[in-house]
Amino acid sequence: MTERSFDSFEVVENGLTEEQILQNPDCLISSHDENHPANVICKLCEQFFHNNWCTGTGGGISIKDPKTNYLYIAPSGVQKEKMKREDLFVLNETGDKCLRKPSMYKPSACTPLFLACYKLRNAGAIIHTHSQHAVMCSLIFKDVFRISNIEQIKAIPSGKIDPVTNKQIALSFFDTLEIPIIENMAHEDQLIDSFHDIFKRWPHTQAIIVRRHGIFVWGSDINKAKIYNEAIDYLMELAVKMYQIGIPPDCGIGEEKRYLEMPM
């Protein structure tokens, strides 16, 4: 490849041939558009590091480019607050061909899990964090995280479709948010069977908690995935605090008084 500054590469557009990509794979990650997947992943990884969700190289993000359907994936072993566009992997739409790989890093062990979310959940983006709130909830709850009657629940879709607008119906204040919990394994790619099982038994879930590990959250695009992740983390933190003062997170409205009146 000829010597050129990184920002001088042309932005990839629909219709770019594989030969062109092969000659200049960095065109897939070069863009001044703040909404380009390469830029969004780097920005969010830094933000999630400062949120204490992706420290010590933990966690990851993958985004499907809505223009090309190429899959952008954060690598393994990179400090998230220092991630650069050059660090990213780019796969084709089906995930069976690597179009661009960094020189220094290995593929994320989460890659098979991300691909399963794209294929079986029609996801547009997946966020994986090592949130302490997720880990704490995985220790408090047995198989399913539950929290009820909290305003922030309304940020999460119910899985139901409005017959008039044909849009997702959100959970209501009076609903219970449920997120399945699976057991952790030695390596993240070994979680794939558990993911497939959850996809069959929980067709409408937007997240999976991995015990003593963290959480995976997905959405139809990165904006929705980010909203769901933030809302769920808020609810998990609240659930832990409720548990600490003796209130079941899924208790009914007004029932908290009964638990607060009980001797500690």
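Don't overthink the numbers, they just go from 1 along the chain as shown.
Glycine is treated like the rest: Cβ placed from N, Cα and C.
Annotated features, as they stand in Swiss-Prot:
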- CYS110: substrate binding site (BINDING)
- HIS128, HIS130, HIS213: Zn(2+) binding site (BINDING)
- GLU151: active site, proton donor/acceptor (ACT_SITE)
Neighbourhood of HIS130 (Zn(2+) binding site), C-beta criterion under 8 angstroms, separation at least six: TRP53, CYS54, THR55, GLY58, GLY59, HIS213, GLY214
Nonlocal residues around CYS110 (substrate binding site), in sequence order (Cβ under 8 Å, 6 or more apart): GLY60, SER62, ILE73, HIS128, GLU188, ASP189, PHE216
CB-centroid shell, 8 A cutoff, Zn(2+) site HIS128, HIS130, HIS213, site residues removed: GLY58, GLY59, THR129, SER131, ALA134, VAL210, GLY214, ILE215, PHE216
Cβ-Cβ neighbours of HIS128 (Zn(2+) binding site) (radius 10 Å): 29
For HIS128 (Zn(2+) binding site): DSSP state (helix, strand, coil): strand
Number of Cβ atoms other than its own within 10 Å, given for HIS213 (Zn(2+) binding site): 20
DSSP state at the residue listed as 'active site, proton donor/acceptor', helix/strand/coil: helix
